Amino acid sequence: MTVRQRLLSYFFNRLRMNYPQILSPVLNFLHCPTPQAWIVQARDPQNLPLLLTDHLICELKAAQTALLLVRKYVADKSGADALLSWLQPYEAFAFRQGPEPDFVALHKQISKSAMPQTDDPWGRQLIDRMVLLIKEELHHFWQVREVMQARNIPYVKITASRYAKGMLKAVRTHEPLTLIDKLICGAYIEARSCERFAALAPWLDEDLQTFYLSLLRSEARHYQDYLALAQQISAEDISARVRYFGEVEADLILSPDREFRFHSGVPAAG
């Protein structure tokens, strides 16, 4: 066994020991587990290119969501423009058939960028947590892209799932309730991603297992960050609203879905 293989084995074993305690709050938060029928479809090797492609796009969309929250609610113009510049090369590649950039170089550039500024304490928390989330999601984006390249899986544009749109349909339309609801939706999307990584990992080869389990800690923290921000900005307890979106999310996961995606529902027959 090479040094690299020993390190991977050690890392993987540590992850396997730690991930149940990371996952437990996520499972308690979600209203249902991933249906077995989805896992059966997801573990089919023929579906791996589609699964990885949708996972890639989900990472970018998670970064976009965080960016939009910062831009709309707290960022000064220069800070907002800086954040926009972070995502533009990724968006051009993923959505507009632009050239594939050097994602490693882009990530290093992002790490050195100036942060948006605000004097509002809650706004400062939003910036700090969302900027970290953006960096992590973009890092995951190019990690998934590396996995695809290593397996000779080309990037092909695909349609979006119904999942996020289904969640956002339930968002109230006046502030600050809109913001609160969007933050709660963000929490559920991150929590479901975490749960699906864990549900799928045992059925994948060791490299993909290690990769997916390595994402659990950050995804679990992201859902908690979203929830904390929602409660902090709300003048009232948000528990009822959290339960409501839990029911919306569970219905999307448990109902038949004709399109297989990373966050799709029960595979529909026919």
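Note: Cβ is positioned from N, Cα and C throughout, glycine not excepted.
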Candidate sharing the Fe cation 1 site with E137, H140 (per Swiss-Prot), from E59, E195, E206: E59
Per Swiss-Prot, E137, E219, H222 bind Fe cation 2; matching candidate in E190, E247, E249: E190
Spatial neighbour of H222 (Fe cation 2 binding site) that is closest, considering only the binding-site residues E59, E137, H140 and their CA atoms: E137
Shell of the Fe cation 2 site beyond E137, E190, E219, H222, same chain only (C-beta within 8 angstroms of their C-beta centre): A62, L133, E136, I189, S193, C194, S218, R221, Y223
Cα-Cα distance linking H140 (Fe cation 1 binding site) and E219 (Fe cation 2 binding site), given in Å to the nearest integer: 11
